[in-house]
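Engineer: A single structure is presented below for examination.
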Amino acid sequence: MLRFCARLSWGLMYAGFIFIVATLMALIVKSAQVVVLTGFVVVFTLFLLYGLSLITLAFLMSVLIKKPFLTGLVVFLLTVFWGSLGFTALYRHLPAFLEWTLCLLSPFAFTAGMAELIHLDYDVNSNIHLDSSDNPYLIIATLFVLVFDALLYLALTLYFDKILPTEYGHRCSPWFFLKSSFWFQHQRAGHLALENEIDSDSSSNDSFEPVSPEFHGKEAIRIRNLRKEYGKGNHEKVEALKGLVFDIYEGQITALLGHSGAGKTTLLNMLSGLSEPTSGSVTIYNHTLSEMTDSKTVSKLTGVCPQSNVQFGFLTVKENLRLFAKIKGIQPHEVEQEMQQVLRDLEMENIQDILAQNLSGGQKRKLTFGIAILGDPQVLLLDEPTAGSDPLSRHCVWNLLKERKSDRVILFSTQFMDEADILADRKVFISNGRLKCAGSSLFLKKKWGIGYHLSLHLNEMCDPDNITSLVKQHIPDAKLTAQSEEKLIYILPLERTNKFPVYRKLIFATSFSTGNLLLSHCFDFRISPRSSGIFPNPEEPEGEDEDVQIERRRTTNAGTVEDFDEKPVIIASCLRKEYAGKKRNCFAKRKKKVAIRNVSFCVKKGEVIGLLGHNGAGKSTTIKMIIGDTNPTAGQVILKGSSEGDSLGFLGYCPQENVLWPNLSVREHLEVFAAIKGLKKGDATVTITRLVDALKLQDQLKLPVKALSEGIKRKVCFVLSILGNPSVVLLDEPSTGMDPEGQQQMWQAIRATFRNTERGALLTTHYMAEAEAVCDRVAIMVSGRLRCIGSIQHLKSKFGKEYLLEMKVKTPAQVEPLHCEILRLFPQAARQERYSSLMVYKLPVEDVHPLSQAFFKLEIVKQSFDLEEYSLSQSTLEQVFLELSKEQELDDFEEELDPSVKRKLLPQEDP
């Protein structure tokens, strides 16, 4: 129906053009006396009907051919060829039967009609005026033929649109119009959805957790033997999904997990009706998706958030929501109320009048999610809904989904394991198109032997071998999984948590160090899962942070250094960016939006600086000013200590959006960019091979970009940015949409590329683990200004002086008694946030120390309340980020613009 309405709107628009053209052509024909006896109305009607038939012919060709260029070419050739052939009617060389048959093509019918008009006035052979009584009837018959042609083309368009395969949507049987379900909508019995159902109970497979009895009979989505194949070329087939069988339950939030290319997006596309399965069946609330009438019913129940953002860039946020609310069929009197509800729920009221094309990547993602939840659909299918969103926005989405999960079905895919752990009641893992396991977090961790993580942050005075020996002395099953100069990570068995207090007592009673440094000063203790953040009430800071002032002075001094080798690779000095706003009236002063407020920092050689901030804080704007895509209102940028003209050759850039050619393969992209960057063919081959091996892209080298998942596309963009060893690399959220394995590969590549080299990088990210993994220093932006800058440990020590306690309960009934017990054990504990299963508290240091006693108390609580798991950790980078980002809500972005103040870009300095 939506496609029909879209064609109808285009048809009506072009019908208006045809009406004008037909009028002009009829006037020209009559004024030039091409025909004399025929009236203006007949000539106008002939042109009008011909134009309308061409519109429907173009619709038909677009369905048959698909590609716009070929469609236009075919319609043009048909018009010219059959139109020219129609002039044979002027000489009456064709049999009458053949002429009427050829009139099924409207260009022939039109020229044949024009020939009849000429015959009505003149005899071609004798130039004698005709008075034939048959000609008027032939002209009327020609007009009816054109009407018939237009209706025939329209009917064939609707028919072939339903039966021909397309990239999106379901294909109907060629005989669909003979089925009673096409003409009459029957109420389907509940048992029909279970026809041919095979046993989906995976209880016999110990990789699948048995479903709780309370969800028996609540199977909302049933997937049976679902397979999907794609053509790869040369008659090869790629099997994206391989016989999936599982159920999704009402009242639960289900997470789809898996590596990039595992089949998550393919499955969601089939459930939403965007793609048709090769075989198998899907029923949603007893409606079979393969049935046309059922698929229409399901579409009314479903809200979809696709992996790519879906909005109109030339419309504001509010206008996008209003348009999609009308497309979804929300009653006109409810549209405004529904739109305002979504804006409030997603905290988008402050950006509702901004054009979608001017939003940050995270804000666009939030808008796409808002469109999906319009109308409060019963089924939500979300493909990485928080990709590219900052932690505050992610938490906003989490809370909204938790509130709406009752009596609804929510299925989402994600690459954030903490998101799945906190938000989803059930996790479903897919690998290479096959279902691997499903269950709750605790079931999966126990099944696969995943334990707690002990993270030890070291300095140069700690001996890793001695630390490992000490850990294994008290917990023999502990496994060292990662080791670097700064950190050791061990996995401890879940069942050995009762050893932690004993272990703590030993550590705090033993001096194990070189010199007088205690081992307890060398590390912090963390128990996974990673924390989900806190929401404190920070005070408004007075003046600029001391570290930011020091960085500003360092930047100023770096610009005056004469030694080329001593200069940082990036110097950004006093960058400011203002956007002029609209006047509210002719008497008001013009307002401005200040996106960047006098930001100063420098990136040293061998250093990676992370730029963190809320969506819209100014991170991408800062990068765009550095690369020259946006001119700063004031300030100075020096790259590699070179002048502006020379600096571009040193630059590598991974933008937030994937800027790739969809029809070129990965190898072709790499070869083209290597040539652009001046690499010799032999060097390019070696470099490409090394990067492809490091990022595990061997299997995708020959695939066109349009066939890649979003995570693989990000890998390709990253590889292109570091190709050719640029001295300055700018990475704008490079790992968005990647699976954890892909992220680890990229992080290793970043560390290897920049550490102890003459190169430097500036990286923006919303993923705190990424910042901790690759950044030497981080800077947090709030409302366009630097709020703080320094090493991660420095910021955690400075801004995160509390401990964070997380507890995961098995049933909601445990929440209130557990809360009272925590307040008894830790009197100054402050609850930060609570989901249905996760409780988060901030604990002051005096309540926690000694840590051995804190763990001892928590172990008693775990056994008394049968907790699923708990975590006690020092404040992480995410807590620091969340605390500082809350200040953005207090700032006013609009200021009066003083036209008397002149601002200009400072000149570049020569080396």
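From the backbone N, Cα and C atoms, a Cβ is placed for every residue, glycine too.
Summarising the annotation, TrEMBL assigns domain 'ABC transporter' to 221-457, 575-808. According to TrEMBL, the transmembrane segment annotation covers 12-29, 35-60, 69-91, 97-118, 138-160.
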Engineer: Report yes or no: does the transmembrane segment (138-160) come within contact of the transmembrane segment (69-91), defined as 3 or more CB pairs under 8 Å with a sequence separation of 6 or more?
Structural biologist: no
Engineer: Have the transmembrane segment (97-118) and the transmembrane segment (12-29) got at least three CB pairs under 8 Å, pairs 6 or more apart in sequence?
Structural biologist: no
Engineer: In this predicted model, what is the average pLDDT of the domain 'ABC transporter' (575-808)?
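Structural biologist: Residues in the domain 'ABC transporter' (575-808) carry a mean pLDDT of 83 in this prediction.
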Engineer: State the non-local partners of the transmembrane segment (35-60) in its own chain: residues 6+ outside its ends, Cβ under 8 Å from one of its Cβ atoms.
Structural biologist: 7, 11, 14-15, 18-19, 21-23, 25-27, 29, 71, 75, 78-79, 106-107, 109-110, 113-114, 117-118, 120-121, 139, 142-143, 146-147, 149-151, 153-154, 156-157, 160
